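A.B. asks: Supplied in structure tokens, the structure appears directly below.
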């Protein structure tokens, strides 16, 4: 037999496709096309949520209290809401034009979008341009927090006389940092009182010595008057100065680089939707309100607890799924659903360490509810007692308010505690006071025994002391009562007679 020849063919190596980095537009399309949802699991799965949108970004880095909950087919991802709800729960990062006032601009947008309510993140003077956050309908609940957020400006100051180079101007800007006294300008909508405003950082960008113009950048507290700052700059330099031009670069979380749009963009987007039913441009112009809350610490609640919070219930620990690191007491946080919707703004009552070690208690108190009521179904009042109460109301054993009637069984009256009643907690208080009364009775018995033992040893001493005390108390009571007995009356009459005698003697003299 001839030796068999083995022929080997070279293996074809599959070429790995080079993954191109996603552009911003592609990411937006993916976020809109795909489904983003936290699924209930018994084990914690490893997720890559760095590309998840808005409040669900880096969701896997949150601390897990429990991963088990019952998902409800209610609510939706903020980016996938219906266009009507999307606009009513959104905001616009508007590039305010020069000349119209902030209120005029907001009124125009309300008319263009045909909504009932709009608000803005802080008034800009008519000549000032730049970032103006316009909140629509439900998003107006975040207006106050946006108005108090920090702001950044780029301005031009005109000096009345020339100075030697721009170093003096930059030094003067550095001195005008920190807490400063400011009085509003002559033409202002508020009372011209002295107020303290903080300037966090400022730097000079450019100075033109020929035209005596300086461009500067300022990061400051809300309510700072840049016009007043320019006047102070001129006073520091000794030449005088005034503000020539101003633009707001950042308001809160949003800056001029974060999808800023003009009034024409809003008008065109609404026209396209009205005439061609193309909502893609409206979704580019309007952004969900959750984008304003991305800098806050997050608490994730179960779906069954969402509607209770919308009705004002306390944020309790059993309804918590996940929580973020670094939560401090009295810090402003945002409470979200598993789909990334903002439920409310809250004030934390527990730190992250306390949340991780406790199994009950109030985590936070509500500051402002954002979500509409009954977006999720009611899940309270489904316990055994509540269900029994509903059945008894249907059967006529209780009235329509759940109060006992003549037909109510005696066992129900004895066992059931009505916490909503005005005379509530009677049984509870008795149950709480019972051990206290028992303890007091034991203490009284012990005291009696101690006193009896003391009386057996020295019976005469305590009796003498008691008698002395009684004797001492009698004259005190008489004096305090203001002369109830006859002796007191005699003393007063004697004093009156003496006074009369003295008066008669003086008259005779």
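Cβ coordinates are placed from backbone N, Cα and C, and glycine is handled just like the others.
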A.B. asks: Of 98, 121, 481, which one does Swiss-Prot label phosphoserine?
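C.D. replies: The phosphoserine feature in Swiss-Prot corresponds to 481.
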A.B. asks: If you check Swiss-Prot, which of 485, 492 turns up marked as phosphothreonine?
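C.D. replies: The candidate carrying the phosphothreonine note in Swiss-Prot is 485.
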A.B. asks: With the ranges 2-21, 42-61 to choose from, which does Swiss-Prot describe as region 'Nucleolar localization'?
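C.D. replies: Residues 2-21 are the ones Swiss-Prot records as region 'Nucleolar localization'.
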A.B. asks: Of the recorded positions 39, 387, 413, which one sits closest to residue 191 (SUMO2 cross-link) when you measure Cα to Cα?
C.D. replies: 39
A.B. asks: To which of the recorded positions 191, 387 does the lowest count of other Cβ atoms within 10 Å belong?
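C.D. replies: Sparsest of the recorded positions 191, 387 by Cβ contacts within 10 Å: 191.
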A.B. asks: Just give me the nearest neighbour of residue 394 (SUMO2 cross-link) among the recorded positions 39, 387, 413, Cα to Cα.
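C.D. replies: Its closest listed neighbour, by Cα, is 387.
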A.B. asks: Determine how many residues of the domain 'PUA' (297-372) DSSP places in helix, in strand and in coil.
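C.D. replies: Helix/strand/coil tally for the domain 'PUA' (297-372): 17 helix, 31 strand, 28 coil.
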